[in-house]
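These notes are about the structure you will find just below.
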Amino acid sequence: MKMETTIHGLTASLSPAKHAKKLIGFVPTMGNLHEGHLNLVREAKKICDLVVVSIFVNPTQFGPNEDFDSYPRTLEQDSHLLADVGCDIIFAPAVEQMFAKAPRKTNIQVTDITDGLCGHARPGHFDGVALIVTKLFNIVQPNYAFFGQKDFQQLVVVQQLVRDLNMPLEVIGVPTTRAEDGLALSSRNGYLTSEERNKAPQIYASLQHAKGALEQGELLTSVLEDMRSHLQAHGFEIDYVEARTPELQTITDFNQDIVLFVAAKLGKTRLIDNLIVHFAT
Ligand code: PAF
């Protein structure tokens with residue numbers, strides 16, 4: 001496994017594979033890797049000849065009061081984990097490498113589907129994601145890019161970006177990896193105290209309960225209200241509990257699949273999760 005920290009170095013490392021027309025898979029991450037990230041790499045290995053994983057804590061997707069400075073940087077540990085799952089190249093640039101000194105005059109904005117859900121509580125977040133993902137796609141030029149369904153809105157935003165800008169790659173969504181008690185794996189789970197960690201699986205429990213209730217024919221509005229009450233009773237501060245179509249549109253027709261979304265805080269830690277309820281025939 002190689003580690004590259006410059007765009008020039010990465011381009012040189014990828015050049016033989018590109019000339020040999022090998023299939024390149026790409027897994028963008030911010031590091032502090034867990035099994036969820038490793039499963040993205042495992043999926044990439046199944047269909048690609050060479051897998052690149054980027055590790056870059058992207059300043060442009062963090063708000064002024066968010067955890068950019070404290071976000072865990074664990075490059076050495078991450079590189080051992082990646083070597084074990086067969087990653088071929090780690091791309092771990094410094095901020096100066098990705099954002100040169102000259103002021104940037106280009107923004108990338110995916111509209112409409114970034115307004116609600118996490119876009120509401122984190123204004124500008126998806127602009128930062130769209131910008132860094134566009135830059136990384138241009139640098140790596142992969143055939144396939146792999147994103148976790150845990151960040152469902154992000155996945156849909158990136159798919160839209162790739163479609164709208166005719167980027168020559170396919171974006172693949174990979175199912176959420178969960179702890180045994182159902183908690184969706186996330187780098188931010190490490191912020192939870194042990195008491196909060198014990199409560200955190202209630203998010204998935206509430207999603208599963210809601211799915212069952214919808215399948216039994218309960219009304220969506222009362223199912224969402226029950227989820228809110230359940231989470232509040234367990235000490236969560238709710239950011240949103242919502243249902244959307246898989247394309248992130250408002251639900252108008254109940255003969256289609258529904259995605260249930262939760263974002264809620266336990267203490268200082270904001271957790272997100274989602275679950276798809278299949279209704280489409
Ligand atoms: O999901 C993440 O870790 C980040 O948003 C991503 C896609 C690596 C962009 O910085």
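The backbone N, Cα and C atoms fix where each Cβ goes, and this holds for glycine too.
Here's what TrEMBL has on this protein:
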type	residues	note
ACT_SITE	His37	active site, proton donor
BINDING	30-37, 148-151, 185-188	ATP binding site
BINDING	Gln61	beta-alanine binding site
BINDING	Gln61, Gln154	(R)-pantoate binding site
Please list, in sequence order, the residues in the chain of Gln61 (beta-alanine binding site) that are at least six apart in sequence and whose C-beta is under 8 Å away from its C-beta. Gly124, His125, Phe126, Asp127, Gly128, Val129, Ile132
Through the lens of DSSP with three states only, how would you label Lys150 (ATP binding site)? helix
Roughly how many Å separate the Cα of Met30 (ATP binding site) from that of His37 (active site, proton donor), to the nearest whole number? 10
Local backbone state of the residue listed as 'beta-alanine binding site', from DSSP in three classes: helix
Below 8 Å Cβ to Cβ and six or more residues apart, same chain only. Which residues does that give for Gln154 ((R)-pantoate binding site)? Cys118, Phe126, Val129, Phe147
